[in-house]
Amino acid sequence: MRILLTNDDGINAPGLSVLEEIAKEISDDIWIAAPEEEQSGKGRAISLTHPVRVRKVGAKAWAVSGTPSDAVLLATRDLMPDMPDLVLSGVNRGQNIAEDTSFSGTIAAAMFGMQLGVPSIALSQAQNFRERGSLSWETSKAWGAKAIRPLLEMRWPKDVVMNVNFPDVEPGDVRGIQITRQGFRDEAIIHTDRREDLRGNDYYWIGYRGKLSKPDEGTDIRAIYDGYVSISPLHVDLTHEPFLKTLKESWQS
């Protein structure tokens, strides 16, 4: 099995090395194409207004001066001799659950792989109020292949991406794997921080504020809070089917 690895944290991110370890439990035909620099929060962006350059960093590995989607596109169209059988994106530094999925570069890369006809899985390591750099990567290492192998044994719809999140607990404290739906937080966690430079001009940092929600049972958030690995099937169709029917019936033509 030929596996393409990518991420949004960049070619030198520790999570990419973790992902490579996970992938080697499944195959020895591993290829890597990841952004040259961190691209967190870039969502499904592709570079249309400037050229994208690649830098070879290994026998089957490239750093791409673009977005996660750029990396997947170039790998599959130009850098690899044949299409991959599987795209793995991650392991992201921090969870990609609930509303995060809409702007996650990690999930976007997997979505792009799916769009190209390749089964794709996004993987993220939750980070609940830890100091930066102190993630429990051992949990991802221990549970990564355990989550991926059963998925590979089944056929899932071509328009579906699997979203895997590992809880912020030690490997031995993981309570198992749960199949979940996407949840929604009951509090906004994205915040802005206004500051002033030496010339008196305002500038802003955008980031996350650590807040716990009270998520419903069966959601990705609840699974992570409760110490489970969460697996959620996501798809690119954003149509709200129930309201589509209502809108059609109530629309005045």
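Note: Cβ is positioned from N, Cα and C throughout, glycine not excepted.
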If Swiss-Prot says Asp8, Asp9, Ser40 bind divalent metal cation, which of Asn92, Asn96 does it name for the same site?
Asn92
Centre the Cβ atoms of Asp8, Asp9, Ser40, Asn92, go out 8 Å, and tell me which other residues of that chain have a Cβ in range of the divalent metal cation site.
Asn7, Gly10, Ala13, Gly15, Glu38, Gln39, Pro68, Gly90, Arg93, Gly94, Ser104, Gly105, Thr106
Candidate with sparsest Cβ neighbourhood (10 Å radius) among Asp8, Asp9, the listed binding-site residues:
Asp9
Around the Cβ of Asn92 (divalent metal cation binding site), how many other Cβ atoms lie within 10 Å? Please give the count over every shown protein chain.
31
